[in-house]
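Database features (TrEMBL):
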{"type": "ACT_SITE", "residues": "K268", "note": "active site"}
{"type": "ACT_SITE", "residues": "R342", "note": "active site"}
{"type": "BINDING", "residues": "K256, D261, D279, E340", "note": "Mn(2+) 2 binding site"}
{"type": "BINDING", "residues": "D261, D338, E340", "note": "Mn(2+) 1 binding site"}
{"type": "DOMAIN", "residues": "336-343", "note": "domain 'Cytosol aminopeptidase'"}
Amino acid sequence: MARTVTLGPDTDVLVIGLTSSENGPSIAPDDLFGDVLTAEVRAELLDQLGAVGAKGKAEELTRVPAPALLDGVTSVLAVGLGAPDKVDAEQIRRSAGVAARSLSGTEVVATTLGGLDLGAAAEGFYLGAYTFTPFRSQKSAPKPDEQPVTRVEFLVPEPDFGEEALQRAQLVAEAVATARDFVNTPPSHLFPAEFAARAQVLAEGAGLEVEVLDEKALEAGGYGGVLGVGKGSSRPPRLVRISYPGGEKKVALVGKGVTFDTGGISIKPAQNMENMTSDMAGAAAVVATVLLAARLGVSVTVTATVPMAENMPSATAQRPGDVLTQYGGTTVEVINTDAEGRLILADAIVRAGEDAPDYLIDVATLTGAQMVALGTRTPGVLGTDDFRDRVARISREVGENGWAMPFPAELRADLNSKIADLANVTPHRWGGMLSAGLFLEEFVPEGVQWAHLDVAGPAYNTGGPFGYIGKGGTGVPVRTLIAVIEDIAAE
Ligand code: BES
Ligand code: ZN
Ligand code: ZN
């Protein structure tokens, strides 16, 4: 994908933005690109768009033949931005994403949307153009008109305008695509050793240091949580560490990498179990983010600690009632083998804490309760008060919608076990997202600023596409994580 200031003779579609008002739609921005969108062209476009009912409502799509004066352009796609006073970066991303999705099969697209916010428009286009097709044989291979748009050119008011924003958008979208690819790869093909190997290839390709602990090393190191969850599977667990040394301040990232969650002996119902291929979305996001931090050259040290296991029921699986010893020595009574994420995360959090990070962020598709509380598009953010609020605010700024959640003190006692230091679940279902967070809190070192993101719903879209999000892996919360890291770098 490239950009230009002129429309080429091969421009198939010009994408413009339309805002809505009582007096009809207007083309936005109205003060740029006068050489292309002359007063005459604008007037003709508005006539044609009005004639076919365009209103400029958010994400509305209207396609018309290009006015003859728009030399070399075949058609114009107007995408709605809604009311002019509500056009923020997220609206631009969403509108650009909807446009990109509707343009499959198109080769060269040019757009004026970058005149509103180049970074947001580019991010929306690149994210919206994502597809995942490696598992289609000839029989269902995407036809030419189903291929993502090949090239998007962003009209800019002057040469070199927004070079950095465009570059960042491209790298961010690539990282989101990396996370989506991992999540979308089925559990037949992505199991702990394979996930670790793929993460290692990517990290080494970016010049980063990688350490992979296999089952023997995990045994030797005393990683009882990762081993306990992994031992029901014929495909042994891993723990991957990827480091980007970017500066003095240290951010630790931890991500849940359950490559498939059957629930284990506390087995899940068959209905929708296939969606548990997404139970490594936290791991995918932190692997993608540490690579992105390196590509962007952020001036913060970022280390990802990623436990990977497959939660299966078998004769070798852990049982409800088993007691395991987490890395670092805490003992846990495993009441419910389906509350496995917290067991592998606890080991990883303790390991990450040994680097004495200033900040620790863990990401996990941890609880169904997250979706009961917040729905499928709003991550729950828990942790130490100030950092939790900061992460939630930044998450909303980037369009990932994080929302701060409390730690009700009375819930903690419900995690007490009769025979071990802790139980992995409470004896009731109330505040399930919060008690999972309270469990993790036990393993976060004193004095570290901590945020826990529960992305059970937001990481995986089981419904239809919307905005710049398609079906399947969404890449949430990569854009939150990188924005938080950049915010820390700017402190
Ligand atoms: N991976 C699930 C959580 C989940 C559910 C993610 C739905 C995405 C969609 C997790 O391991 C789990 O099963 N949690 C249990 C915890 C319970 C046993 C305390 C849950 O939420 O039911
Ligand atoms: Zn589970
Ligand atoms: Zn799980």
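Cβ coordinates are placed from backbone N, Cα and C, and glycine is handled just like the others.
Between the binding-site residues D261, D279, D338, E340, the minimum number of other C-beta atoms within 10 Å of a residue's C-beta occurs at D338.
Within the same chain, residues 225-226, 228-229, 232, 256, 258, 261, 263-268, 279, 309, 311, 313, 317-320, 324, 326, 364-366, 424-425, 436, 439-440 sit at least 6 positions outside the domain 'Cytosol aminopeptidase' (336-343) and bring their C-beta atoms closer than 8 Å to a C-beta of that stretch.
DSSP assigns D279 (Mn(2+) 2 binding site) to coil in the three-state reduction, placing it in neither a helix nor a strand. Taking the C-alpha positions, the distance from K256 (Mn(2+) 2 binding site) to R342 (active site) comes to 8 Å. Straight-line distance linking the Cα atoms of D279 (Mn(2+) 2 binding site) and K268 (active site), rounded to a whole number, equals 13 Å. Secondary structure at R342 (active site), as computed by DSSP, is helix.
Cβ contacts within 10 Å of R342 (active site), excluding its own Cβ and spanning all protein chains shown: 29. Checking the binding-site residues K256, D261, D338 for a CB within less than 6 Å of any atom of ligand 3 leaves D261, listed in sequence order. Neighbour density at the Cβ, taken as the number of other Cβ atoms within 10 Å, is lowest among the recorded positions K256, K268 for K268. Proximity of the recorded positions (K256, K268, D279) to ligand 2: a Cβ under 6 Å from the molecule is found for none of them.
Using a 10 angstroms CA-CA radius around K268 (active site), the recorded positions that qualify from D261, D338, E340, R342 are D261, D338.
Each residue contributes its Cα atom, and for D261 (Mn(2+) 2 binding site) and R342 (active site) those atoms are 13 Å apart.
Among the recorded positions listed (K256, D261, D279, D338, R342), D261, D279, D338 have a CB atom closer than 6 Å to some atom of ligand 1, in sequence order.
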